[in-house]
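Contents: one structure, followed by commentary.
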Amino acid sequence: MTNIRKTHPLIKIINHSFIDLPAPSNISAWWNFGSLLGICLIIQILTGLFLAMHYTSDTMTAFSSVTHICRDVNYGWLIRYMHANGASMFFICLFLHVGRGLYYGSYTYFETWNIGVILLFAVMATAFMGYVLPWGQMSFWGATVITNLLSAIPYIGTTLVEWIWGGFSVDKATLTRFFAFHFILPFIITALVMVHLLFLHETGSNNPSGLISDSDKIPFHPYYTIKDILGIILLILVLMILVLFSPDLLGDPDNYTPANPLNTPPHIKPEWYFLFAYAILRSIPNKLGGVLALVLSILILMLFPILHMSKQRSMMFRPLSQCMFWILVADLFTLTWIGGQPVEYPFIIIGQLASILYFMIILLILPTISLFENKLLKW
């Protein structure tokens, strides 16, 4: 009798995805982040579900319901801080996962890559709306500032913003709909993740060398299941250290003050994982230009398959491209730092230079260096 795992219509799909999946024999720890993102998503959905049981999406009670969760609900503080810091872990894994894709040329699987970029947008939207829900000062003003950016769209901008707000300012209607969207989006993300994996399994995984690995494949289980479990243990360890020792390390103290439309905080800034994009937005004096730059800073990822000029897929054997890649990473760290600083000299000019460098490296310098490296191959 054949094993049920290979014949049962449903178990067969799981088997081909996680057990008998042929995987390259040389994929490094950088390939762990896909499974870690899956774990992050599961943690976020579960903790979010339990938080939703006690949260009320009303402007009068939202802030106090979060206080109630932390004070009165059994282990409510743990669930709340796991959810808040879980989002940070999610984005750390996301950035490393995308960085891995850029370094090793995984973007040449362009269906998988483009769905990944859509996933990135969806996760960013979910995180933004989640940040609004506790209804603290930074929640309210962050929502006001970011939704207001849509008013830069010519002709329909103002109408669009008021339509999203459900009134003439961020109020009860906005909070209620943000809660509804924040609840539904993770399930849409889960569906997109399945499509992401579907396209990935059509081609098989890339590997550090960027070469075709069909001649040397190993089964996913037990080799990569055990490797993933190690990654998961480390992820949960880091998350729990963060949650139990310094849960507010990555948060904003202003969010412990209830939302007050009459009092603007001195420095409005988003969570740390949006600061690089926020810095790019602020570095352009024109409102519409800033919004376009903000969207393009993420959307530009979709251009990587077109901008790939090298004869080699991976950067493993391309030292000049490697050097430029790490300069890009340093530039993103600089942008993240600038995004958290006030708008004054010298931060304005540093932000503008870092923003120009970001787009120049991706659109001009990396493709040019790739062409130069192709020439070097002939020497």
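Here the Cβ of each residue, glycine as well, is placed from N, Cα and C on the backbone.
Annotated features in Swiss-Prot:
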type	residues	note
BINDING	HIS83, HIS182	heme b b562 binding site
BINDING	HIS97, HIS196	heme b b566 binding site
BINDING	HIS201	ubiquinone binding site
TRANSMEM	33-53	transmembrane segment
TRANSMEM	77-98	transmembrane segment
TRANSMEM	113-133	transmembrane segment
TRANSMEM	178-198	transmembrane segment
TRANSMEM	226-246	transmembrane segment
TRANSMEM	288-308	transmembrane segment
TRANSMEM	320-340	transmembrane segment
TRANSMEM	347-367	transmembrane segment
Contact ranking winner - 77-98, 288-308, 320-340, 347-367 against the transmembrane segment (226-246), Cβ under 8 Å: 77-98
Suppose we draw a 10 Å sphere around the Cβ of HIS182 (heme b b562 binding site). How many other Cβ atoms does it contain, all chains included? 21
Per DSSP (three-state), HIS196 (heme b b566 binding site) is helix
Could you work out which of the binding-site residues (HIS83, HIS97, HIS196, HIS201) has its C-beta surrounded by the smallest number of other C-beta atoms within 10 A? HIS201
Under a three-state DSSP reduction, the secondary structure at HIS97 (heme b b566 binding site) is helix
Rounded to the nearest Å, what's the C-alpha distance separating HIS83 (heme b b562 binding site) and HIS97 (heme b b566 binding site)? Just drop the number here, would you? 20
Cα of HIS196 (heme b b566 binding site) to Cα of HIS182 (heme b b562 binding site), in Å and rounded, measures 21
If I count Cβ-Cβ pairs under 8 A between the transmembrane segment (178-198) and each of 33-53, 77-98, 288-308, which range comes out on top? 33-53
What is the separation, in Å, between the Cα atoms of HIS97 (heme b b566 binding site) and HIS201 (ubiquinone binding site)? 17
Rounding to whole Å, the Cα atoms of HIS201 (ubiquinone binding site) and HIS182 (heme b b562 binding site) are apart by 29
